[in-house]
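*Asks:* Below: one structure in structure tokens.
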Amino acid sequence: MVVPRPGSGFRLGLIRSGHGGAEVGKMAWRGWAQRGWGCGQAWTLPVCGGSYEELTAALAPSRLLRRRFNFFIQQKCGFRKAPRKVEPRRSDTSSEAYKRSALIPPVEETAFYPSPYPIRTLVKPLFFTVGFTGCAFGSAAIWQYESLKSKVQSYFDGIKADWLDSIRPQKEGDFRKEINKWWNNLSDGQRTVTGIIAANVFVFCLWRVPSLQRTMIRYFTSNPASKVLCSPMLLSTFSHFSLFHMAANMYVLWSFSSSIVNILGQEQFMAVYLSAGVISTFVSYVCKVATGRYGPSLGASGAIMTVLAAVCTKIPEGRLAIIFLPMFTFTAGNALKAIIAMDTAGMILGWKFFDHAAHLGGALFGM
């Protein structure tokens, strides 16, 4: 008699002892097949005395084949690797700290990744700062020369216009006349900064357009970890996300506009203001690269600090006051010292509410 060994696969047990041995073969095969096959399904194979149909059914039972097929499918699925989850790229950890300030836009959808060679990121901003500053002061010199030429012509044109107004019938309640009267009552400095304030208000309105959020973050916020480095150095000077931030900056600019234009002139003031925005942003770039604290910055605070520092340096004995506390006054020289000390401490200690490096760079440039 040949019997199957456990775990050796499919074998036949043959009994050559007549019809009586068939039943013994059935019982022997039933026990060995149940233990050897390991599927939990016992079946018998009639060797002697069975029909062809019984042999075929024994060799290919449907339930056994289905159970064995499911066993292999289950085993294959058990070793299948789970699909990897694609995690979104996280932004720089330092930009998380900048999100705590209400003066900058939310940057959840925009991730900034600093360059592996941070010093190289300052090369293009350096050349842009030097080139833009030279072009600004060169253009201011040409503009100043042309203004001196036009003043002589405008003097005679003014005499002619006054003579025509005296003989021309006047319109009462004309809105355009009221606007011209208000405009003429402004000082030269106030008329100069009116265009700057209008530009800041326009950019502030653009921040409220949802479809422009990515464009505004890319071109109107300065960050050395961003792909665009040069143009935001100037455009971020006219960009404000918070209404309080814009109102405070524009109020200070309006308050010091007459003094700074009387000191520098209209043409030189525009060159100083635009150059101050670029220079203060470059100082901010250097500080962020040196400390590794990357994050977006925006606002006209750096350029306004230049205006404030220039006026306080020229008129150190002037009396200043805080808008919310008008009863407390102090000299312009002491105010400048306090501002420089506060921004220096903020830059060293890593305060995130303001861009203290940009403030300090603008103040030094103004001095």
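Glycine too: its Cβ is placed from the backbone N, Cα and C atoms.
Those TrEMBL annotations? Automatic predictions, nothing curated.
Straight from TrEMBL, here's the annotation block:
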| type | residues | note |
| --- | --- | --- |
| TRANSMEM | 126-145 | transmembrane segment |
| TRANSMEM | 189-207 | transmembrane segment |
| TRANSMEM | 228-248 | transmembrane segment |
| DOMAIN | 233-367 | domain 'Peptidase S54 rhomboid' |
| TRANSMEM | 268-286 | transmembrane segment |
| TRANSMEM | 322-342 | transmembrane segment |
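How about a rundown of where these features are and what they're close to?
*Replies:* Long-range contacts of the transmembrane segment (189-207) within the same chain: residues 105, 183, 213, 216, 220, 235, 238-241, 243, 246, 249-250, 253-254, 257-262, 266, 269-270, 273, 300, each at least 6 residues beyond the stretch ends and with a Cβ under 8 Å from a Cβ of the stretch.
Confidence across the domain 'Peptidase S54 rhomboid' (233-367), taken as the mean pLDDT and rounded to a whole number, stands at 90.
Listed by sequence, the residues of this chain that lie at least six past the ends of the transmembrane segment (268-286) yet keep a Cβ under 8 A from its Cβ atoms are 121-122, 125-126, 128-129, 132-133, 136-137, 139-140, 143-144, 189, 192, 196, 222, 224, 229, 232-234, 236-237, 260-261, 297, 300-303, 305-307, 310, 355, 357-362, 365-366.
For the transmembrane segment (322-342), the list of distant contacts is 251, 305, 308-309, 311-313, 315-316, 356, 359-360, 363, 367: same-chain residues at least six beyond its ends, Cβ to Cβ under 8 Å.
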*Asks:* Where else in the chain does the transmembrane segment (228-248) make close Cβ contacts, counting only residues six or more beyond its ends and a cut-off under 8 Å?
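*Replies:* Distant contacts of the transmembrane segment (228-248): 102-105, 121, 124-125, 128-129, 132, 196, 199-201, 203-204, 207, 216, 218-222, 274, 277-278, 281-282, 285, 297-300, 302-303.
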